[in-house]
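Visitor: First the structure, which I've put down as structure tokens, then a few questions once you've had a look.
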């Protein structure tokens, strides 16, 4: 299964070979795990890669439900889905983004940003739909108290745990993709910043058993990011199309306010009123004053940093816009002089004297009377 058409062959396992064939290598590894399901000897190991581990059967009034908690074996499952994400990344790049970018004829800088926004639009749209479905089916939207009641939320439904594993796999796969996609050195620090922010927040919500609150915050954040990257794609297609940027700017500030409000409400007030406030990592209980302050400081610092970057970029854009407008006003329009009709005598001038063209005198000759 070849993802890219190649006209040049590279030495086996060289740097260029790995870069141009990393999706095919990942596909081969995934295929080996899937083949392992066919044999009884390797099926148990293959299921370790594919399915979430640490399942627990919990009795209910009607039947039993299966829930999950986290553990070290989750790293193996995350590794498998990292390769799945690398393959999907290559498919989107090959069959969607490359075909669109060829028609747009973008420069190298815009082409790199177009690929970045294109990949994130697909990811954010999928995550928003998936996260909204999980939040609605689990009843977290209709019952906001469930965000902090019955803490710690150690036992997770299948769809909640699988969502978190896939989220961690995606943002971990983004780190080697910086190398595979040959991202410019100027862009690497910026991309590393938001990749690490997502990893810290998602892993923190997963490990501290704040999965319900994390789902709501991710839904808000991903919705805003989807709008931003859609605006970038429309801007690359037509530079005069900036309406979506205005909509994103209005939604961005409201999203920051909602995220801070929910975090303070759930952590600062909800968990603070819970009776069980003992530090017990074995039972998954991190509801102490120190842990709550650390989580709130992390969330508030991240939102403040994002808001500062947003205000800084908006001020820079406005400053550039007003500078362009002022330069246009300062340049005076050159007045057009009215064309004057100049009556010229026939012939040509030489040393201030009008000469005839064909050897004839330009002056009219007087006719002599006979």
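Cβ atoms are placed via backbone N, Cα and C, with glycine included.
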Visitor: According to TrEMBL, transmembrane segment applies to one of these ranges: 289-311, 312-334, 335-357. Which one is it?
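Guide: Range annotated as transmembrane segment by TrEMBL: 289-311.
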Visitor: Of the ranges 143-161, 162-180, which one does TrEMBL flag as transmembrane segment?
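Guide: Residues 162-180 are the ones TrEMBL records as transmembrane segment.
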Visitor: State the non-local partners of the transmembrane segment (118-142) in its own chain: residues 6+ outside its ends, Cβ under 8 Å from one of its Cβ atoms.
Guide: 89, 92-93, 96-97, 100, 157, 159-160, 163, 167, 170, 212, 215-216, 218-219, 222-223, 225-226, 229-230, 233
Visitor: Are there at least 3 C-beta pairs under 8 angstroms linking the transmembrane segment (192-209) and the transmembrane segment (289-311), leaving out pairs fewer than 6 apart in sequence?
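Guide: Between the transmembrane segment (289-311) and the transmembrane segment (192-209), contact is present.
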Visitor: When each of 162-180, 192-209, 247-269 is checked against the transmembrane segment (78-97) for Cβ pairs under 8 Å, which one has the most?
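Guide: Per the Cβ count, the answer is 162-180.
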